[in-house]
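K.L.:
I'd like to ask some things about the structure below.
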Amino acid sequence: MCYPLARKALFQLDPEHAHELTFRQLKRITGTPFEFFIRQSIATKPVTCMGLSFKNPLGLAAGLDKDGDCIDAFGAMGFGFIEIGTVTPRAQAGNDKPRLFRIVEAEGLINRMGFNNLGVDNLVENVKKAKYGGVIGINIGKNKDTPVEHGKDDYLICMDKIYPHAGYITINISSPNTPGLRTLQYGEALDDLLSAIKNKQGELQQKYQKYVPVAVKIAPDLSEEELIQIADSLIRHNIDGAIATNTTLDKRLVEGLNYCQQAGGLSGRPVQLRSTEVIRQLSQELRDKIPIIGVGGIDSLTAAREKIAAGASLIQIFSGFIYHGPKLIKDIVNHI
C-alpha cells in the first residue's frame, strides 16, 4: 500500500472533504479487481467476547463509517470487527461546517460533527448489502432535536430496526457534540435508560430468537466516583460490554497547537493516556463481570498492548488509522 503518498495528498484538503473523497474511492473499487490495492493478509487471532467470536481483537471505531457505506472495504483491510454509526432514528445534517480539524503535530483530531447521518433505515439497507463476514457493531444515538428527557425513545426506535442485523449494539451516551447527551451517563437517567434498553433487548431476543449483546460507550472526562457509579449501573443491569472511551473535552492536552481552541471532542494520541487510565479503573470496578472494548489514541502496537494490559478484551482505532493508514491494522494484529 502507498498510504504515505495518499495521506500527503489528502492532508492538503479540508479534513471532511478528504473523508468524502476517500469514501467515494473506496466504494468505487470495492468488489472490483482494484480492491487488491486495499486488501491485506492478516493473521487470524480469534477472540471470544460478549458471547461473539471475533476474527481478531482489532476493530474500527464508530464515527468513521457513520452510514455503513464502506463495510466491505474496511473488512478487506483486515479489521476483526467493524462498528458503524453513530446512527439516529431520522437523518440529520449535524453541526455547521467546518466541524473537523486535524491537530497534525499531536496526531489528534477535534470534531464537532453532531451525529450527521442518513438515518437508521439507510444504514440497515447498507448492512444488508454488505458481504463482510466479521462482526458488525452498530452504534446508536438520539436525534439532536429530541429532548434529552425523551432520549431513550430514540435508542429504542433504533434497536427495533437494527436488532436482526447487528452483531452487537453500542449505546452512545458520551458524545460531547449533542447537547445534554452526556447527562445520560449519570444516576437515575442512566438507570432509567439501561432498564429500558434491557427490556427492549429481551423483547427482541424473543422475537428474533437471537441474543444481540449491548455495550455502552463512555467518556474519558469522568471522575473516579462517576466511574464507580457507572460500573455499578452496568453490572446491575447486566449490560454486555463497555466501550472506553469517547473523545475528551480537555484541550490542555494540545494547548498552543493549531486549532486547539476549536469546540468539539479531541481524539487521537492526546487522549491515549487518559483513555488507558479510564480502562484500568473501569476494569477494577467491573471485576471481570463485563468485558471492555478499549479505544482512544491507539496509534502503535505498543499503545494497543497498553490498552489490553489495562483490561481491554478488544480494541478499536480511528484517529490512529487516519494518521497511519491500513498498515497499522497489520502491525497490531500480526504482532499483538
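Glycine is no exception: its Cβ is also placed from the backbone N, Cα and C atoms.
Heads up, here are the entries from Swiss-Prot:
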type	residues	note
ACT_SITE	SER175	active site, nucleophile
BINDING	ALA62, GLY63, LEU64, ASP65, LYS66, THR86, ASN139, ASN172, LYS217, THR245, GLY268, GLY297, PHE318, SER319	FMN binding site
BINDING	LYS66, ASN111, ARG112, MET113, GLY114, PHE115, ASN172, ASN177, ASN246, THR247	substrate binding site
K.L.:
Looking at the binding-site residues ALA62, LEU64, GLY268, PHE318, which has the shortest Cα distance to ASN172 (substrate binding site)?
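P.N.:
For ASN172 (substrate binding site), the closest Cα among ALA62, LEU64, GLY268, PHE318 is found at ALA62.
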K.L.:
So of all those binding-site residues, ALA62, LEU64, ASN139, LYS217, GLY268, which one's Cα sits nearest to ASN246 (substrate binding site)?
P.N.:
LYS217
K.L.:
If H, G and I count as helix, E and B as strand, and all else as coil, what does DSSP give for ASN172 (substrate binding site)?
P.N.:
strand
K.L.:
Need this for a regression test: recorded positions ALA62, LYS66, ASN139, SER175, PHE318, filtered to those with Cα within 10 Å of GLY114 (substrate binding site). What's left?
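P.N.:
Passing the 10 Å Cα cut: SER175.
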K.L.:
How many Å lie between the Cα of PHE318 (FMN binding site) and the Cα of ARG112 (substrate binding site)?
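P.N.:
Given the Cα positions, PHE318 (FMN binding site) is 15 Å from ARG112 (substrate binding site).
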K.L.:
Just how many other Cβ atoms lie inside 10 Å of the Cβ on ASN246 (substrate binding site)?
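P.N.:
Total other Cβ atoms inside 10 Å, all chains included: 26.
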K.L.:
Would you count the other C-beta atoms found within 10 angstroms of the C-beta of PHE318 (FMN binding site) for me?
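P.N.:
Other Cβ atoms found within 10 Å: 22.
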K.L.:
Which of the listed binding-site residues (ARG112, LYS217) has the least company, meaning the fewest other Cβ atoms within 10 Å of its Cβ?
P.N.:
ARG112
K.L.:
On a count of neighbouring CB atoms within 10 A, which of the binding-site residues ALA62, LEU64 is highest?
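P.N.:
Ranked by Cβ atoms within 10 Å, first place goes to ALA62.
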K.L.:
Restricting to the chain of GLY268 (FMN binding site) and a gap of 6 or more, list residues whose Cβ falls under 8 Å of its Cβ, or answer none.
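P.N.:
Non-local contacts for GLY268 (FMN binding site): ILE103, ALA106, GLU107, GLY108, LEU109, GLY297, ASP299, SER319, GLY320, ILE322, TYR323.
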